[in-house]
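Take a look at the structure set out below.
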Amino acid sequence: MSDRQQVTNAKGERIAIVAGLRTPFAKQATAFHGVSALDMGKMVVNELLARSELDPKLIEQLVYGQVVQMPAAPNIAREIVLGTGMNVSTDAYSVTRACATSFQSAVNVAESIMTGNIEIGIAGGADSSSVLPIGVSKKLAHALVDLNKARSFGQKLQIFRRLGIKDLLPVPPAVAEYSTGLSMGQTAEQMAKTYNISRADQDALAHRSHTLASETWASGHLRDEVMVAHVPPYKQFIDRDNNIRENSVLESYAKLRPAFDKQHGTVTAANSTPLTDGASAIILMSEGRAKALGYQPIGYIKSYAFSAIDVWQDMLMGPSYATPLALKRAGMELEDLTLIEMHEAFAAQTLANMQMFASKKFAEEKLGRNRAIGEIDMSKFNVLGGSLAYGHPFAATGTRLITQVCRELKRRGGGTGLTTACAAGGLGVAMILEVE
């Protein structure tokens, strides 16, 4: 059996990425304060359809994701269909795979095209860290259920008497792993210590990311892939990411205190991604359908792979497990790639993965390979800056990476690009894109 992955339909047509778009990414409680993930999702899909001059009625499937779920709209994909002029019969469902969510939505739509069930679909994701589902304590939740069954005033009073003041306090969404109690930042700190990644190296990577992102915006390269977002009450707009440190100065990073290990830590707010609001989406078609409609695809999906590892140690090492799978399925080696784009959740996590890419010992002991994945050529790596600068709305990052890599490869005259990300739960993803 061949190891090669056939990302084509029954006619042998490739899966085309016709267009991609995102909102600007904004730090928590800034430009998108009060704007839900659903509203941002509708905003970007509407604009993507308008810019592409694609009739919404032609969309056969929409798969969309959200990590921080809103109880009022649990199926964000269906609500986007109803809010963007598509047929009410359009197939729509929601997915979640932590920070790899919109990679998952893209793969789901691609596989629907591969099987011949559809020819045109939209994939993406959105998250808001400003509009959050604030919960209640377990004791209060239990009491509220009991209140529904209470008949008399006395019964209701007895239920309330079981509650203390602390039981009435709101409960924000969890930031830790359910199974371990560890946060992403604590895991990044563990990886920094395990792999001897210095504070100086983390700060240097963050500085590089912000500098390149600032230069990329100044060059105008992102104007066609980032929309102008007008937000209620429509007296202002946001047209660029607001986390990027313009005129970044490396020395200033050293001033920040460690965020997760106050005494001996090296992970800080400056070398980590901030809580971010934003949305992104891509249009996928069969190659033949794209040609028939007159579209020039920005890229094609060549291969993809997901991985899962233990959550107690090195939980954010997903790229080092998923990448060799995607490369093998594409019949490629790391050195064959034109560009390499790795999601920078934390500088420590990124540097640890880069270290493992180059490690023969890791390849032999963890991957069952007789050679390392490969040393990363920094002239190919995150050439426009990364998530440390742009920010990270959890479900939106995947399709941001896909669009950004395809468009940058197009500017360079074509080639192949790797997009890869870690995700909560010990998950990882890698996707190889090709551009003509």
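In case you wondered, yes, glycine gets a Cβ from its N, Cα and C as well.
These numbers come from a predicted model, not from an experiment.
Copied from Swiss-Prot, the annotated features are:
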type	residues	note
ACT_SITE	CYS99	active site, acyl-thioester intermediate
ACT_SITE	HIS392	active site, proton acceptor
ACT_SITE	CYS422	active site, proton acceptor
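Where Swiss-Prot records a feature, it is marked here on the structure.
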residue : record                                   : DSSP (3 states)
CYS99   : active site, acyl-thioester intermediate : strand
HIS392  : active site, proton acceptor             : strand
CYS422  : active site, proton acceptor             : strand
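Reported as a whole number, the C-alpha separation between HIS392 (active site, proton acceptor) and CYS422 (active site, proton acceptor) equals 12 Å. Note: the CA-CA distance between CYS422 (active site, proton acceptor) and CYS99 (active site, acyl-thioester intermediate) rounds to 7 Å. Of all the active-site residues listed (CYS99, CYS422), CYS422 sits in the most crowded Cβ setting, with the most other Cβ atoms within 10 Å. Its Cβ placed at the centre, HIS392 (active site, proton acceptor) has 27 other Cβ atoms within 10 Å.
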